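Reviewing the structure listed below.
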Amino acid sequence: MSRQSLVNQSPNVRSHAAHGTSDRAAKTTVTLPPYDSQSYPLSLAAKRKLEELYLHHDYTKKQKLGALEERLNSQDNMKEKIEGKHKKEEEKTLELQKKVENITVRAEQALRDLIDLGDELSIQPSIMQEVAEKVNSMPTNTQTQKRGSDSVGASHEAESPTQPAGVRCVDILRAIKEKHANEYENKSMREKYAENNEYANFKGMIHDAQNQGPNARVLEHPKFWFPVKALDGNGSSRKSQINRDDDEDDEIVMTGVTTSLKCSFTLQYFEEPYSNKKCSHTYEKSAILDYLRTEGATNSQPNRRGQNKGPRTITCPTPGCATTLTPDDFFLDERIKQQVIKAKKHEAMEDEDESDIDES
């Protein structure tokens, strides 16, 4: 037998061998029990739902993923809108802040101008008095006039004083006004404005508006309200003035003192807070005026009728303060008045919150 015939016969041999093996396996297989039908067979509707679940399972996932993506996109858009809104609010706040700063600077300058004009008006009587004294103290020309009458042939001589020789009154007035103007200009800003009650109230209210809350910093001393004066034309600074101001304030300590908004006499909130220029203690107007009237003393000599002239003086009623005060030292403190209004509003809001808690 050739080799080619052996190759052709090999598949047949293998197939006969496989059939022999399967026959032997069939003879050894265990017989299965009879088939039992289902106790609870699926209804047509249940089969249909299973079929739909099989068909649409992947599509539902895609829908949910799409909804999640859409929600995330909407949240991103909302975040961008909120950030844009906050940015616009910040820009508007900065714009308003610049406007407020500009208005504050203009208002302060206008107040300084009013104080300057007020000082100029206040010295007018003394200027006129000085002009009159200077005119009276200067020699004058005497003009003699002869008056005659042709019918009578008599002559009379009359002397009338005139203005000072070679000097006009208006020139004297201008010179004195210029002298006072130069004296006022040479004053420091602190000397011009720090002792003015209206200016102090203005600075106090600006400070209270910019510094609020329990940890707000205290209003700084008037020494620090104004910049140091620059060098003069000769290149020398006003060291004497600065050193004098420093010496006066060496003992001043800036501490967090809390101003009481209740009068030590009435123990009530101020209605008309009366502060003074010397020790800065505040009292109710009616209470301190009554105290001045009953406890005040006059230090001047009695007049011809035996009555004492001059203002009454008292020692500051605050314990530990020995400052001597007169009625002219007091002024209506608008800053304290505004603080009282804010304190009353704050207390009213706290009372409302407590009442709401009690009702709940």
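Numbering starts at 1 and runs along the chain as it is shown here.
In case you wondered, yes, glycine gets a Cβ from its N, Cα and C as well.
Note that this is a predicted model, so its numbers are computed, not measured.
Summarising the annotation, TrEMBL assigns compositional bias 'Polar residues' to 1-13 (among others).
Marked as region 'Disordered' by TrEMBL: 1-38 (among others).
Mapped onto DSSP helix, strand and coil, the compositional bias 'Polar residues' (28-38) counts 1 helix, 0 strand, 10 coil. Sequence annotations record features per position, and here TrEMBL assigns compositional bias 'Polar residues' to 28-38 (among others).
TrEMBL lists 65-99 with the feature coiled coil.
Residues annotated as region 'Disordered' in TrEMBL: 136-166 (among others).
Taken from TrEMBL, the feature compositional bias 'Polar residues' applies to 137-146 (among others).
The domain 'SP-RING-type' annotation in TrEMBL covers 248-351. Over the domain 'SP-RING-type' (248-351), the average per-residue pLDDT in this prediction is 79.
Here TrEMBL flags 295-315 (among others) as region 'Disordered'.
Residues or ranges marked as compositional bias 'Polar residues' in TrEMBL: 296-305 (among others).
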